[in-house]
Amino acid sequence: MESYLKENFGGVKAKHSSDEALGRWRKVVGVVKNPKRRFRFTANLSKRSEAAQMKRSNQEKLRVAVLVSKAALQFIHGLAPQSEYTVPADVKAKGFGICAEELSSIVEGHDLKKLKSHGGVEGLVSKLSTSEADGLATSGSKLATRQEVFGVNKFVEAESRGFLVFVWEALQDMTLMILAACAFVSLIVGIATEGWPKGAHDGLGIVASILLVVFVTATSDYRQSLQFKDLDKEKKKITVHVTRSGFRQKLSIYELLAGDVVHLSIGDQVPADGLFLSGFSLLIDESSLTGESEPVAVNAENPFLLSGTKVQDGSCKMLITTVGMRTQWGKLMATLSEGGDDETPLQVKLNGVATIIGKIGLIFAVVTFAVLTESLFRRKINDGSYLSWTGDDALELLEFFAIAVTIVVVAVPEGLPLAVTLSLAFAMKKMMNDKALVRHLAACETMGSATSICSDKTGTLTTNHMTVVKACICGKIKELDGASETKTLFSQLPDSVMTMLMQSIFNNTGGDVVINKDGKREILGTPTETAILEFGLSLGGDFLAVRKASTVIKVEPFNSAKKRMGVVIQLPEGGLRAHCKGASEIILASCNKYLNEQGSVVPLDDATISHLNATIESFANEALRTLCLAYVEVQDGFSANDQIPVDGYTCIGIVGIKDPVRPGVKESVAICRSAGITVRMVTGDNINTAKAIARECGILTDDGIAIEGPEFRTKTPEEMTELIPKIQVMARSSPLDKHTLVKHLRNELDEVVAVTGDGTNDAPALHEADIGLAMGIAGTEVAKESADVIILDDNFSTIVTVAKWGRSVYINIQKFVQFQLTVNVVALVVNFSSACLTGSAPLTAVQLLWVNMIMDTLGALALATEPPNNELMKRTPVGRKGNFISNIMWRNILGQALYQFIVIWYLQTEGKQLFGLKGDNSDLVLNTLIFNCFVFCQVFNEVSSREMEKIDVFEGILNNNVFVAVLSSTVIFQFIIIQFLGDFANTTPLSFKQWIACIFIGFIGMPIAAIVKLIPVGSR
């Protein structure tokens, strides 16, 4: 079976499957009972193709608009602005000088001529009644009026489907329709021959069973859809920095309005259409809209910003002009979501299992019907009544047909692929509570197979609460304990050095110091920026005064490839100066001078370089992040288009930033190690800092290797294959190094790799990995977009929880498949062999429908929702090549099936004697006993299936409320069917002794399952 599955259903990957692979397995599946339900969680390839076509068409339109605007640019500046636009009266009455449609046409059409006619960006700021410095005023009902005129920043979403839609879909099952037709014929013939109500029992029994199956199925599917809806809401929670009423604050993108002033930085997604107000080195990736891979420079000359595009470099303030469905992204959103997500490899594999068993079941059903029909004909020929057919004969023939159809219902495990979705939905909901947001279904199951985790250091292994604890200024090393002490420690430094230090800290930063609504000072920015700004303020620096004293000419934001950031400022007394900060050894290598104790600029000699390098190393050995601050005087004539100098700098000082290891990380790394998962630290930090933290976390062992990115890059593919298994730490790595490492682990070493990332440059590695894990707090929107799972608390321990849940999903589905295949095998063999040997089937259509529901919907609910236990992390990972239906599963299936078949066959042949049954209804009592024993065998087999290898199957059973509820309701409903619904289910009430006997026969399956588990088989 496994080779057939690999050949026909093995081409689908967890990520980036080709349309050809997705289409191939669909062709192999062929006819299914209920395509609407079976393919609900698979990609709609035709819709996806339409959406792609529409996207290409939109991209072409946008591309033309951009080209036209570029061509027109050279003519526009010489023209006098001409305004032919008339403000609609209702818009004017509400205090605005422009309407939403006009704003939309300016930005979407990149219409510079129109923009100029409205007085440029400044003119639109005025017409939108907003302020570039203070943003929107939030007082009174002004925001509501603005919302009314310009709309809200929300996209039209497909209406959520109600419960009745799921009922309708469950009714689309072909076999249930055939059974419904059988029930209808049975009702007519039965009432005509036996009258009402006796003649209606069989027909009504089938109808009731169908309705029960439909409603239980629909309820399960509806609950799943609600879980996915909740997760969808979480995925869409994106916040941006906005200035309103003079205060900078975080707002959801869905609260943005036309006229808002939004602050964007590298890695952010542009939340709505708008215009550039101010900023530096802004590069926008418009590929999601225009299809162009080349980033676009956005500035005062080309100020147009489109919703859905990404900030690739730089930072800016933007004016929101168009929101929601009026934006180009809003129009695209609806079409892009229609194709749906790719199906997961497990869903496809289980579709394959369902297809194989379905075909076998169909053959068995046809043969069973033929054998039963032949026995009826032979009996009539022997009686000599083959020419006279009664209503009873017709009903018997109809019953045979219903049994054959019901065998198909039981044999085709339609619920198998949906059990994956059920288990994933349950796991995703629970993982959300454990601070992990799953963006792609497949990530859940893939994480269970992970063999390697490549983790960032900062914020993942460490707390990301940074403080400057050591500094080396003018060659003097100082330890810092508090703000007051910091000020005293550096009081003996010359004023010129302090001025230079403040200028460097406050100008060369991606952070900001603001006064919040409560009137308190607040530092905004990354933890590193916050720590350095806090250090500057503790030295007595005045952020706003320093910033106002000079004018920023150019900014180059921090780049993980260059490991530095820089700024060029115009000094109050004239002249230009560049400040830079970054990785200590890289910045120090760019310096040829330093500030000495007297504040004089002196050349760097070998002794000083050795002292500074030793300082960097000593800081790093104490697990401190080190940053070097430097400056260089820039010649006049420098423009914003020129590159900031990269050498000739004067070293101001080195700071050591403490970022403590997160509690519980060492234990989590140990759990990974025991689970066969290799943890590697990949960081941009100094190698000594990285090694110190890695040892503290338990990642770096005596036989492990720590390597720097530049050295790693020089290795040949053959050397990498030999080296990578030993690498435990990679320091000073670039995003490309991380990508190379992941690619090599996957392609050459066949590992299943999970990768963490937070920056824009991590996107390629997140995309390449089997599971991309983005950080929810420190991560950029670009990183989150490329990730499969978002770690909401940025904690490594959460990654281990995700791995545990991933394994739980995989194991739970294996348990359910084992349970369902056992029922399939027994139900098929019993009905088929009985029909062939005795000419009758012991299990009726109604009984088989009930058994189908126990093993399908209820079985999935019980077994596919088992929570994970700590034992899961003591097994080796499945990896890339493990068989889904393992030898262990086949052993358990065949052992249990053999026991059940022997029991039921013995009851059929010797049951009357065993239970002392005599009289007219002895056959009915025996069939009821067989049905009851069969159901209790499944109940106890369900308990045994909780563990595939362990003997103790009761551990933690009471912690799973769903399992207990399903098992209890199955037993209670079975009692009701036997004792009270005999007319409909073809059963008769049983005595107390008979009930005890049935339960005992079912229970015996448990010790037999335990004995079978002792038989050694290969794990594959």
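Even glycines carry a Cβ here, placed using N, Cα and C.
According to TrEMBL, the protein has these features:
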DOMAIN    117-191  domain 'Cation-transporting P-type ATPase N-terminal'
TRANSMEM  174-192  transmembrane segment
TRANSMEM  204-222  transmembrane segment
TRANSMEM  356-377  transmembrane segment
TRANSMEM  397-427  transmembrane segment
TRANSMEM  888-908  transmembrane segment
TRANSMEM  924-941  transmembrane segment
TRANSMEM  962-982  transmembrane segment
TRANSMEM  994-1015  transmembrane segment
Contact yes or no, the transmembrane segment (888-908) and the transmembrane segment (174-192), 3+ Cβ pairs under 8 Å, gap 6+: no
Mean of pLDDT values spanning the domain 'Cation-transporting P-type ATPase N-terminal' (117-191): 81
Long-range environment of the transmembrane segment (924-941) - Cβ separation under 8 angstroms, sequence gap at least 6: 819, 822-823, 826, 830, 842-844, 847, 850-851, 854-855, 896, 899-900, 903-904, 907-908, 911-912, 915, 917, 967, 970-971, 974, 978, 982, 986-988, 990, 994-995, 997-999, 1001-1003, 1005-1006, 1009
Residue distribution over DSSP helix, strand and coil in the domain 'Cation-transporting P-type ATPase N-terminal' (117-191): 45 helix, 1 strand, 29 coil
Chain residues outside the transmembrane segment (962-982) and at least six past its termini with a C-beta under 8 angstroms from it: 205, 850, 854, 858-859, 861-863, 865-866, 928, 931-932, 935-936, 939, 942-943, 946, 988-990
